[in-house]
C-alpha cells in the first residue's frame, strides 16, 4: 500500500531487483522468540536428565492464581514452579494435576546430557522485552488488559533439547530436538503467561516413562498450569490443561489463542478473585478448566492451516518503485495461519467465549527499514538490536546478502540491505487427521447451490467467433426452459447475497448492491479472495515424460487493486522449471478478479464460481503444444473458489538455475453469450548469468460458463474488453518445490494509442483503501474508500463485523452461527439438517431400528437380546443362562455343572439357577458351613426339616436316620421309595452303594477312625517340659519349637530372650551357632522336605491366612493384608522377589492357592503356590511379546491374557497347555482382562487412543461385541465383581472409576477424580487400585466413592497389576 501508510517513515534504499514471493509461514519463526542467550543475562541450567535451578529470587513478587510468590524454579523437564521439584518419576510420567504449583509449557522427560540442548532463564526489566510482552498480552485480552504494563518479565527458554532415551549400544541419540519458551509478565497485580512454539520447534511430542519397560506407553507432553494444593487424596487444587493427545501437542505451533500460530497467552494470577486460568480468546475457544479438550476440537480452522495463502506469502518488488511493498493482510490470517502480527485479529472459533474479542489497527509497518522498527507492537514482527551478538527478532542475514533469489538489476545503493524470506521457508504441513470442527451431516451454505437444486443442463455447441477455433471444450451451460421455474420454489439456488427475479420464461439471480458475481455466486466488492484447488498433468518436457496428480494449488487475490498470487506445490522436475513461462495458469485468477475500470466487468461478474477455462499454448520456435483445462467447481463453505487444473502436452526444456521473465502485456477478451475468447502472443526471456535468451508463445483461451437466459441482455456490456497485466513474476524454489506466479490486472475498454489521461488511483491500485475496502473513483484522481460488506470502518481501516454476535444473521432455530471474515455461515446442530430454505434446521428422521420396531427375528426378549448395528442390520445374542444362535435359545442347566456347594441343593430355572444350603448348614449356597448355633447336628437339622415338609401333600423328601448322638447312621433308606444307600459322616451318599427296593441293603460299616501318627521326640519333650513348668513356662524357660510335622525347627531360642542357636534333626545344638542378643543365627533345615514338594526358595515368604491383596511392583510381588476392608499397611511385605522380571498382570487361583503373573521383561507367564516350600514355575515361555493383562477362571481351570505387542487375546489351560488365540483383529492396545466364571463371559479393554473401548465375548470367543466405547479415554484397569455382578473399570484418561451391568446398561460413575490408575480389583464394599501418580495402592468405597486409604510402599516405583486373595473361592449369583 502506498500513500499515508509509508508517510513519516524512511523508505528502504533501492536494493537489487528481488522477487519476494515469500513462502507461507504457518507458525512462529525461531528468530521471533523473545531474545535470549548469555549476552542477554540468561543463566544456564546444568546439563542432565532431571536438573532444577536454584531459587531465582524475583525483584517483585509474582502472582500465581491468588497467591504471591517471591522466587521461581526452572526444571529440565519443560516446567517452572514456585517450589523445588520432587523426584522426577513423581510428576514427569503423570497427568495433570501435579502435587505442586506448576507452569508447564512442555512437561515431558527431557534430557540435556552430553550437550543435547540447553535451558536458559532470567528476569528482565528492559523496556523492549516488557513492551513486547505487553503487546502480546493486550492482543489476547483487549478489554481486561488494555492498559497492562508489566514491571517485570521472567523468561525461560528450552533450546534444542532432546527426550530422555535409554542407552543402547551402538545406537546414536535421536535427532528430534525441541525449542520452546515460557514468558511470565507481571505488574504486581496481574500475571500473564506466554507460551511460544516456533515452526519446526517441536519434533517430538511426548516421552516414554522410564519405568514402562516393555509396556507400550507413550505419554503426550502436558501443557498447562496447576495450583498444586493437593494436600490429601480428597482435595485437588485447580488446574488447566491444554493438551491431552499427541495431535493436540502437534498443533501447538500451528494454532494459537492469540491469532499468531505458535503463540499462546493466559491470565494466570491476579489480586482479584481468579477461579482458574483464563486463556486468551483471539484465536479460538480453548479447553475449559479442569479438563483437557484436544486442540483439534477447539478450532474450526485447524484443517485450513495447510491451505491458507496470503499476499504476505507472495509479495514482490517492482523495479519501477523505490521501496519494498508489504501489502496489507486480511483479518482472517490472524486466527488461522498468518505469519505476521501486522493484521487485525478476530476470534474465529466455533463458539466465541464471552468477554474477549480483539480488533487491532491493521496498518502495517510497510516501508520501514529493519533497523528502525521498534519492538513489535503487533504490527510487525521484527525488533532492532544494536548490541553485538544478541538475538535479533528480525530474519537473519548471511554476510549481508539476501537469501532471496536475485534478479538482473542495477547495482544496489551503497549501504542498502536486502530483505529475505525466512530461511526455512515452505508451508508447514498440518496433520492430515485434524478434523474440521463441523457438526455431523453435510453442511450446505445458503450461498452455495445445493446439489439437489441444480438446474438440469442441456448440452450444445458454441462456435467461437474468432479467427482460430482452438478446438477447446465449447460445451456451455443453459437453463432448461421447458418447464418454467419460479423464485417461489427456487430462490435457494441464489446466493445469500442475491435477490431472485421472475421473468417470462423463468427466474434469474442477481447479486445485491456491494456484491458482484452471477447471482448464484456473489462475493463482496473490494474484499480479498482465495482459491484452492488441485493440479494434475501428463507432460513431455523436451523428450522426458513427467506425470503428477492432485498437487496443491492456492491463490490469493487482493480485490481492490487487482493483484493475484498463485502457488503450486510439488510439481516434479523438470516440469516445474519448464512451466515457469506459463503465467496464464495464474493469469486466469487475474482476469477473474481484475480491477475494474469504468463501464467494465471482470470475469467473476459474468461466470460466478462455475466455468471451464480451456487454453492452448504453442511455443516457438519448437512449436511444442500444451493444453490446460481449468474447471471451477463453486465456492466452498469458507467462500473460497474451488478449481481443478489439468495440463497435457509438450513444453520446451528449461535448464536448471535459469529464471524466466515476462514483460507486461495486454490481452483482448471477446464476449458473447456464455463464452469468452482471447488470442494473444507474448515474449519471455530466460536468464542465467550473462546468458539471456528470448522466446515466445501463442495462447488461445476459451471460457464457457452458465448464463441465465431469462433476463434481458444488458446493452451496455461491451463485446470486447482489454486486460492490462503488469508486474508479471514467476519463480520456482527447488528446496520448497513450489512454483509461484504473481500478476497485477486491470480490465477496461480497448485503449487507443493516444497519450493516456491521468489514472485514478482506484484503477492502478495506488489508493490507500484497506484491503477489505472498495475504492470508488471520483473526479480526476480523487477517490473515496468504503469497507466491503461484512466489514466496518472508515474505508482506510476496516474490521470484520461479527454477524453472529450482533444478530445480523439468518440462522434459524437448532442451528449455530459461525462468523467468517466478512461473512458468516449456518450449521445445523447434531441430529438436524437444513430445510429447503437453507436456513431452517429440521429434525433428521431416525432410520428404522429393527430392534425397536419388532421386525427382528431374535428369540423372545426373555431369552435373547437384539443388537442394532445401524440401518436395517442387527444381530441376536442369547442372554446369560441361555445358549444358541440368538434366533433360537435354550436354557442352560447350571445344576448339571455342579456349581453349588456339596451341602447345598441346586434349583434350575429358565435362564438362571439358585443354590440353597441344606438343613443344618448356612451360607449362600455356593459356600455352606455347618450351623452350630442351634446345638443340633446336621443330621438332626435335616431330619427336622424333612419331617416338617411331610405336612405338605406329595412331599417325597427323605427323612435322614440319626443315631443317639445325632450323627448320620451309615445306612440310609428312603421311607417311600425303598431305595437304600450308604452315607459318609456328613450325610453324603457314598457312590456305588445304592440298592433298589426289595433287594438286600448294602453293608455300611462304621467310618474308620482317623489314624494318628505317633508323637515325635520334639513333641514328647515339649509336653514333658510344659508339664514340668506347670503348663505355663516363664519368659526365661526354654520350650522346644516343633513344626507341623513334629520336627525340631532349625532355629531354637531360649524363652522370649534373644539367645538363639541352631539344632540338628534330633534337637541337638550345633556347635558355634549360639548368638548374642540382637543377632539371629542363619540356620538351614535339617529334615528333607517330602519328595512331592519342591525345595523352598529363599526369596519366597508364605502369606498369612485370611484375605489379602497381591500387587505387582516391577521385580517383585507384594503382599498387603486386609483387616476387613482396611489396609494393614504395617503388615505389608514382599511375597516374591523375581530379579530380572517385570511383573505386570497378576491373578489368583482360589482352588489350588496359586498366584499367576505375566512378565514383560522375560516374555513369559508363570505361577507359584502360596503353600510353604513352593517355588515359581514358568508355564508359557514362547510366542509372547508384551503380555500384560491376566485373568484366571477357577471353574474351568483356564487362563486368559492380552498381548499388546502382538495385539492378541489368548486362552490356555492353567498348566499352559491347549493354547488358543481367541482374537487377533480389531485390537490396537489390549491391556486389562477380566472373567466372569459364573456367567461364562470374558471382558477386556483396548486403550487405543483413537478409539478406546471395552469389549466382551463368551469364554470360547463367541459373540464378540463392543460393550463401552463412549466417554472413555485410557481404560487401564478392569475388574468383575462376582458379588454385585458389576463390571468396573479405572480410566487414566477420564480420571473416572465407573461400573456397568454385564450387558453395558446401568452405567454409573463411582469416583471421577482418580490420578493415574493402572489396575483395579474389587473386594467386599471397596475397590483397590494401583496408581502411577501415587506409586501406591488406593482404596475407594463402592457406595460413597470416597477415597478411604492408601498404601505407599517404602520402595517407590510404579505398581502394575493387583488382585485379591480370599480364603475360599468367591461365590456369585447368576
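Cβ atoms are placed via backbone N, Cα and C, with glycine included.
A TrEMBL annotation is a machine prediction, not a hand-curated record.
Residues or ranges marked as compositional bias 'Acidic residues' by TrEMBL: 319-333.
Annotated compositional bias 'Pro residues' per TrEMBL: 998-1011 (among others), in sequence order.
Residues or ranges marked as compositional bias 'Pro residues' in TrEMBL: 1087-1098 (among others).
Sequence-distant neighbours of residue 980 (disulfide bond) (same chain, 6+ residues apart, CB-CB distance under 8 A): 971, 972, 973, 974, 994, 995, 1001, 1002. Feature annotation from TrEMBL assigns disulfide bond to 973-980 (among others).
Listed in sequence order, the residues of the same chain lying 6 or more apart from residue 1060 (disulfide bond) and placing their CB within less than 8 Å of its CB are 1051, 1052, 1053, 1054, 1074, 1075, 1080, 1081. The disulfide bond feature in TrEMBL is assigned to 1053-1060 (among others).
Here TrEMBL flags 105-271 as domain 'NIDO'.
Per TrEMBL, domain 'Nidogen G2 beta-barrel' is recorded for 527-757.
Here TrEMBL flags 758-799 (among others) as domain 'EGF-like'. Mean pLDDT for the domain 'EGF-like' (758-799) in this predicted model: 85.
Per TrEMBL, domain 'EGF-like' is recorded for 800-842 (among others).
Annotation comment: TrEMBL describes 847-890 (among others) as domain 'EGF-like'.
Taken from TrEMBL, the feature domain 'EGF-like' applies to 891-927 (among others). Residue counts of the domain 'EGF-like' (891-927) by helix, strand and coil are 4 helix, 16 strand, 17 coil (DSSP-based).
As annotated by TrEMBL, domain 'Thyroglobulin type-1' applies to 936-1004 (among others). When DSSP labels each residue, the domain 'Thyroglobulin type-1' (936-1004) comes out as 12 helix, 11 strand, 46 coil, counted as helix, strand and coil in that order.
Feature annotation from TrEMBL assigns domain 'Thyroglobulin type-1' to 1015-1083 (among others).
Per TrEMBL, region 'Disordered' is recorded for 319-434 (among others).
Taken from TrEMBL, the feature region 'Disordered' applies to 991-1014 (among others).
The region 'Disordered' annotation in TrEMBL covers 1072-1098 (among others).
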TODO: Would you count the other C-beta atoms found within 10 angstroms of the C-beta of residue 973 (disulfide bond) for me?
DONE: 16
Task: Structural state census, the domain 'EGF-like' (758-799) (DSSP three-state) - done: 4 helix, 15 strand, 23 coil
Open item on the list: Is it possible to get the count of other C-beta atoms within 10 angstroms of the C-beta of residue 1053 (disulfide bond)?
Closed with: 17
Task: Long-range Cβ neighbours of the domain 'EGF-like' (847-890) (under 8 Å; 6 or more residues past either end) - done: 910-913, 1239-1241, 1263, 1265, 1302-1303, 1374
Open item on the list: Within the same chain, where does the repeat 'LDL-receptor class B' (1197-1239) have neighbours whose Cβ lies under 8 angstroms from its own Cβ atoms, ignoring anything closer than 6 residues to its ends? I mean 6 or more beyond.
Closed with: 214-216, 880-881, 899, 1145, 1147, 1149, 1151-1152, 1154, 1156, 1158, 1165, 1167, 1179-1180, 1183-1191, 1245-1251, 1257, 1259-1261, 1264, 1275-1280, 1282, 1287, 1289, 1302, 1319, 1372-1374
Task: Secondary structure content of the repeat 'LDL-receptor class B' (1153-1196), with strand meaning DSSP E or B - done: 0 helix, 23 strand, 21 coil
Task: Long-range Cβ neighbours of the repeat 'LDL-receptor class B' (1240-1284) (under 8 Å; 6 or more residues past either end) - done: 244-246, 867, 877-878, 880, 886, 1189, 1191, 1193, 1196, 1198, 1200, 1202, 1209, 1211, 1222-1223, 1227-1234, 1290-1294, 1300, 1302-1304, 1307, 1317-1322, 1324, 1327, 1329-1330, 1342, 1370-1372
Open item on the list: Do any residues, 6 or more residues outside the domain 'EGF-like' (891-927), come within under 8 Å Cβ-to-Cβ of it, and if so which ones?
Closed with: 862-863, 879-883, 936-942, 944-946, 986, 988, 1195, 1238, 1368-1369, 1371-1374
- [ ] Sort the residues of the repeat 'LDL-receptor class B' (1240-1284) into helix, strand and coil with DSSP and give the three counts.
- [x] 0 helix, 23 strand, 22 coil
Task: Summary of DSSP states over the domain 'EGF-like' (800-842), given as helix, strand and coil counts - done: 4 helix, 18 strand, 21 coil
